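Enquirer: There's a structure below that I have some questions on.
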């Protein structure tokens, strides 16, 4: 009975780890998708050098 209980606990731990890992991976995929849709830092640097663009996007440009 001891071996059967240990095997059951092992399966429970493996299943729990797999489910948690799968859900975490799904969340990170959404974060990656959001990040890939955003403008890169280099593009914001170019925008911040242009006064009209800087005026329209002040939240992305540091104060000078």
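Any Cβ shown, glycine's included, is placed from N, Cα and C.
These figures come from a predicted structure and were not determined experimentally.
Sequence annotations record features per position, and here Swiss-Prot assigns disulfide bond to 47-53, 48-61. Annotation comment: Swiss-Prot describes 1-21 as signal peptide.
Tell me about the setting of these features in this model.
Expert: Just so you know, the Cβ of residue 48 (disulfide bond) picks up 16 other Cβ atoms within 10 Å once every protein chain is counted.
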Enquirer: Rounded to the nearest angstrom, how far is the Cα of residue 61 (disulfide bond) from the Cα of residue 47 (disulfide bond)?
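Expert: With the alpha carbons as reference points, the distance is 8 Å.
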Enquirer: C-alpha of residue 61 (disulfide bond) to C-alpha of residue 53 (disulfide bond): distance in Å?
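Expert: Taking the Cα atoms only, residue 61 (disulfide bond) lies 10 Å from residue 53 (disulfide bond).
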Enquirer: Among all protein chains shown, how many Cβ atoms are found within 10 Å of the Cβ of residue 61 (disulfide bond), not counting that one?
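Expert: The answer is 17.
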